[in-house]
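Chemist: I have a structure I would like to understand better, so I am pasting it below and will then ask my questions one at a time.
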Amino acid sequence: MVVRDYNTELTYIERISTNSFRIKKGFQPNMNVEGIFYANSRLEKLMFDELRNSCRPGMTGGFLPGVKQIANVAALPGIVGRSVGLPDIHSGYGFAIGNMAAFDMSDPTSIVSPGGVGFDINCGVRLLRTNLFEKDVKPVQEQLAQSLFDHIPVGVGSKGIIPMNAHDLEEALEMGMDWSLREGYVWAEDKEHCEEYGRMLTADPSKVSMRAKKRGLPQLGTLGAGNHYAEIQVVEEIYDKYAASKMGIEELGQICVMIHSGSRGFGHQVATDALVEMEKAMKRDKIETNDRQLACARINSVEGQNYLKAMSAAANFAWVNRSSMTFLTRQAFAKQFNTTPDDLDMHVIYDVSHNVAKIEEHIVDGRPKQLLVHRKGSTRAFPPHHPLIPVDYQLTGQPVLVGGSMGTCSFVLTGTEKGMAETFGSTCHGAGRSLSRAKSRRNLDYKDVLRDLEAKGISIRVASPKLVQEEAPDSYKDVRDVVQTCHDVGISSKCIKLRPIAVIKG
């Protein structure tokens, strides 16, 4: 690999507009398409500082800078359009988190890469609304936070309380939210307000290892640790009244609940198993990549198909997981307010995935094409009138749920036509890390983080207090910059801003 100085690297990066940058071919070897990334002035500085630091003599180890990872993805076989870096981008395994790429299904050389989905398959967010207001919740805020903490199993080794045996797990992996509906854990309309209606039909549990199933069985209906959370939130601003009203959000001060979780150890094992198989497939099929973390297989190879079927099962696991936590959240609220979830109007606004690969139809060079779209740390954001979004949102565009860092605001956005054309209907997913977990642990004290949250009037319940500094707001980019950048470039539109009043974490 040629090592260039920082100024030479910059000759390959060109500003297209105030908030968008082109990465030219040649920045990394064998690029089939260009790269693009979106950043405002503050986010841009973080991107270029990361690149500058990587150019220093003796800088080895760790992940490559985000711009390099975008360019390495642009060199993968079968990629179309551009390799896209969203404003929340940060270095990850293979693909950067916040990197999106689409591959032509009709090209026999096209690949699927587990690094383009991530280890937490279908890590995603679900948002529930209520008919409660901040004034209703404030007097019982601490009790409600405790009730949620008591109802939802949280933390690294947390075990689920939803009854589950091996046969149930097989069915849940195949059926996704249809299993949750049959078992009485969700309402029929919950499914309607869920990406893919909460079920990937391509799931095949027989392609999942026994080890993954063993890890997954006790974890269904658990929040986990890391950046996962359940938050009680207050509607602080409404930017698009019409779209918000379609979501059942009419007034400031309304209470919502956001659940952010994924496929736990199950998804991690599916990804780990696939990477081992794909390294063998790459040797056999003579596939070369710029980075060995970009292990991949031809989409139509046995390994590629096996991964997609197992990944779909992990996606279903995550939807069942969020559904189980929806059930527990409704129970906690009903118990606290001595009424029913129905009377509290606890409907699902939407549920989105942040880590997944899916076959979708997009326009490429003026013609519709079937593409395998990898979204890692990015969110599907389809525009109004798209056939794959619910009837309720046909006139507004798909809701996009963007979680902030702990104690900061979250946002609901909507998909746009421009996003469909520029980013294959994709936008940001969250704040995006600016400090690694190790640096966060070194630089921040968890007691200070907890004190800051209390000073903001936020109730906090956390299973592992010492993990809190990894998720402190100072470890992340400012989610407001991320969301505003997406809004300004037109790939999504701001709809609702939510402020946390209680945070439940692993």
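Positions of Cβ are set from backbone N, Cα and C atoms, glycine also.
Since this is a predicted model, take the numbers as computed values, not measurements.
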Chemist: To which of His167, His193, His347, His354 does Swiss-Prot also attribute binding of Mn(2+) 2 at the site defined by Cys123, His260?
Modeler: His354
Chemist: Among His228, His362, His374, find me the residue Swiss-Prot lists at the same Mn(2+) 1 site as Asp120, Cys123.
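Modeler: Answer per Swiss-Prot: His228.
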Chemist: Any idea what the Cα distance is from Ser405 (GMP binding site) over to Cys123 (Mn(2+) 1 binding site), rounded to a whole Å?
Modeler: 15
Chemist: Restricting to the same chain and to sequence separations of six or more, state which residues have a Cβ under 8 Å from that of His228 (Mn(2+) 1 binding site).
Modeler: Cys123, His260, Ser261, Gly262, Lys505, Gly506
Chemist: Quick check: of the binding-site residues listed here (Asn227, Ala230, His354, Asn355, Gly432), which one has the Cα closest to that of Asp120 (Mn(2+) 1 binding site)?
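Modeler: That would be Asn355, the closest of Asn227, Ala230, His354, Asn355, Gly432 to Asp120 (Mn(2+) 1 binding site).
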Chemist: Give me the count of other Cβ atoms within 10 A of the Cβ belonging to Gly432 (GMP binding site).
Modeler: 25
Chemist: Provide, as an integer number of angstrom, the distance between the C-alpha atoms of Ala230 (GMP binding site) and His354 (Mn(2+) 2 binding site).
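Modeler: If we compare the Cα positions of Ala230 (GMP binding site) and His354 (Mn(2+) 2 binding site), the gap is 16 Å.
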